Amino acid sequence: MRVQLRKKTQNYQYKKEGSLILLHIILGVLIVLLRKPAALTYVILYSGFAFYYLLKTKNKKNEVLLICSYLTGMDVFARMTHGLFFSEQIKYLILIFMILGMFYKGFKIKGVYYILYLLLLIPGIYISATNTLSYDAVFRKIIAFNLSGPFCLGFCALYCIDREITFFQLKRILFWMLLPMISMAVFVTFFKVDMSQSFVNTASNFAASGGYGPNQVSVALGVGMFILLVRFLLDSPTLKLKVINGILLAYFIYRGLITFSRGGVLTSLFAAVPFVGLLILYGGNRIKGKMIKYILVMSGVFSLVWGAANMTSNGLLGHRYNNEDAIGRKKADALGGREELMGYELEAFFENPFLGIGVGNNKFFRVEESGIEAASHNEITRLLAEHGLLGILAFLILLLVPLVRFLNYHKNVFAMSFFIFWLLTINHNATRIAMPAFLYGLSVLTLYNEKPSVHRKQVVA
């Protein structure tokens, strides 16, 4: 009886998820047709619903994590479709929801690490206010742009540290993050249907990225790949579900490859390694056999998708991943010019090692030194340049807290993958989008297996 009930519940869950996936495919098509008005309406309606839902539930079952996971998945899609009133809107919404979540449920004692992290960022604001390197700069906008990501991360971590959720809840959180990414995949597909003339060199490809930054789109698609891999391995009990999740995974890989932005795809691959490794390590012989079979299948699928993407790009994809130009000559820089930006940030740190040059001044320092107008791509060197030794301390907190937790509690098969996503993403995309901040928060959650309730008949004396 209990097995039948569990199967019924599971079938209902999968039907519900299938309906939500279909709904988000339709949503993607609608936004392709109606563009900005539809995107704005979508973001406004979801934000309003999210506030209502949280106030109604009072965050009794950590609903704030579901709300913020969807916002995280929505971030890049909303940006590319002009669905936001200002660029950092999603980060601010996540920050506000995390504060509301803590209003209802508080935070754990280890949250003091992240309070200290947030406090270490404050002196950089004062330095910037008293020593702005550009008189034309709008101070409020500089602070909002440069600190929205770090503050979003701090509050995500503060809420999540040692927060207990079930394995099922975490899989649900990941599914909600995936949904708007499916809409985004639909949008980028129809943004430029004929790709034959879009590949003329090995630079990152805006046409294949919905007209938005390929770096950010690649990150979102990379996270989508990982979530779909999780669903393929852990949430596909039937052949039908395996085929659906497998097709979606293959398509996300294809779209990620043809952005020609390597960061998201490679980060996804690196993050998958500890996840699959821990499944094999802690699984029984049956699980190990399944994992090896799935790895072989996925390797074959990846090879086929790579071949298709290489054909779409007129053979340029291989050159891109070999760091070559269109005719096969090796490029001088391996990171697309990021090394030069990092060099100027380190120079700023060595000139101002104690408190740094102040929040937002990094960009103006680089313009003065070299004439290069570009925002930082590396959050670590940006922290050093703008916050000095306090930035080093802030980064060490972010680095060491999850690592120490993982060494003491290493049966969370997701924790190291989320940590890798954060660490690698901030090295090539800084904190431009909300994704690394929220994934960092997930890396410090505590997972437990929910035991089914045992119903006993009352003994009547």
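Cβ atoms here come from the backbone N, Cα and C positions, even for glycine.
Note that this is a predicted model, so its numbers are computed, not measured.
Per TrEMBL, the feature domain 'O-antigen ligase-related' maps to 249-396. Residues or ranges marked as transmembrane segment in TrEMBL: 21-54, 84-104, 111-130, 142-161, 173-193, 213-234, 241-258, 264-284, 291-309, 388-407, 419-442.
Below 8 angstroms of C-beta separation, residues 215, 217-223, 225-226, 229-230, 233, 253, 256-257, 290-292, 295, 410-411, 413-414, 416-418, 420-421, 424-425 of the same chain, each at least six residues beyond the ends of the transmembrane segment (264-284), sit close to that stretch. Taking every recorded stretch in 21-54, 173-193, 241-258, 291-309, 419-442 and counting its Cβ pairs under 8 Å to the transmembrane segment (388-407), the highest total belongs to 419-442.
Between the transmembrane segment (142-161) and the transmembrane segment (21-54), the number of CB pairs under 8 angstroms, six or more residues apart, is fewer than three, so the stretches are not in contact. Helix first, then strand, then coil: DSSP counts for the domain 'O-antigen ligase-related' (249-396) stand at 107 helix, 2 strand, 39 coil. Contact between the transmembrane segment (84-104) and the transmembrane segment (419-442) is supported by 3 or more Cβ pairs under 8 Å, counting only residues 6 or more apart in sequence.
Within its own chain, the transmembrane segment (291-309) is flanked in space by residues 229, 232-233, 246, 249-250, 253-254, 257-258, 276, 279-280, 283, 317, which lie at least six positions past its ends and keep a Cβ under 8 Å from the stretch. Long-range neighbours of the transmembrane segment (111-130) within the same chain, counting only residues 6 or more positions beyond its ends whose Cβ lies under 8 Å from a Cβ of the stretch, are 139, 142-143, 147, 150-151, 154-155, 157-158, 161-162, 355-361, 386-387, 390-391, 393-394, 397-398, 401.
By the count of Cβ pairs under 8 Å, the stretch nearest in packing to the transmembrane segment (213-234) among 21-54, 173-193, 419-442 is 173-193.
If you look at the transmembrane segment (419-442), the same-chain residues 6 or more away from its ends with a CB under 8 A from one of its CBs are 68-69, 71-72, 75-76, 79, 90-91, 94, 148-150, 152-153, 156-157, 159-160, 170, 173, 213, 215-216, 219-220, 222-223, 226, 263-264, 266-267, 270-271, 274, 335, 338, 375-380, 382, 398-399, 402-403, 406.
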